[in-house]
């Protein structure tokens, strides 16, 4: 019941942000902005989107390998897309943790790999965002939002690494102590593997460089005259989307994108459109592909029973 209420609240908050922005910016202006874009240029993003998911899959495989879990690249790729599907329909993409349910190993052993995957994402985004805000977007509102994200991130790290809190969570879901110990052993094992962590952080950095290039292509497809520096704002936009109050960060990202475009004296409608298009082509469409794999896996499981 509590989960249903949280999901409903997230949907309502998402709708509030989207409707507020559509009314404020004028929906007809946004529609015209999208219809006038260069769709041929937008098609150039396809190979880079595929590259994004190759990098993310490789990153997860390194984390799995660090705890001696072996899985083929293609299978990991499919599972990652399944996680993306659940991620686009949940607050802060927590649905991505469903990846652990498609592996044969214990969840207490596989969940830490996804957790560390997300932590490296947030660390990289925070570092890039801080540098970019100080260098390019010296704005008090953005600075306050980043401070909020840092506080939330530190709080989240404290929760997932504190034995007392984790024990309470495990008891709440009636998970036995063996799984709790396995969770901490696995988490510590990953953290102590410095070589794997360095490689994962490097891949994370490469991932967001490719993502920024995709965002640049989107911006140029909307209007070639738009400020190229806008592409560098992507880490700030994405990190804000991790605030867990809307479905998959939808609405918050667009709000921040509109703010940044306005700061650089560009039409806010471009900011809304660019952020939404990025979400559709890099998350929603791949997520729909993941839904196909989800249906197939469930069908195969039912047939094998």
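Backbone N, Cα and C atoms are what each Cβ position is placed from, and that goes for glycine too.
TrEMBL has this to say about the protein:
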type	residues	note
TRANSMEM	35-55	transmembrane segment
TRANSMEM	115-136	transmembrane segment
TRANSMEM	142-161	transmembrane segment
TRANSMEM	196-219	transmembrane segment
TRANSMEM	231-264	transmembrane segment
TRANSMEM	276-295	transmembrane segment
Checking 142-161, 196-219, 231-264, 276-295 against the transmembrane segment (115-136) for Cβ pairs under 8 Å, the most are found for 231-264
Under 8 Å, at least 3 Cβ pairs, sequence separation 6 or more: does that hold for the transmembrane segment (196-219) versus the transmembrane segment (142-161)? no
Tell me whether the transmembrane segment (35-55) sits in contact with the transmembrane segment (231-264), defined here as at least 3 Cβ pairs under 8 Å among residues 6 or more apart in sequence. no
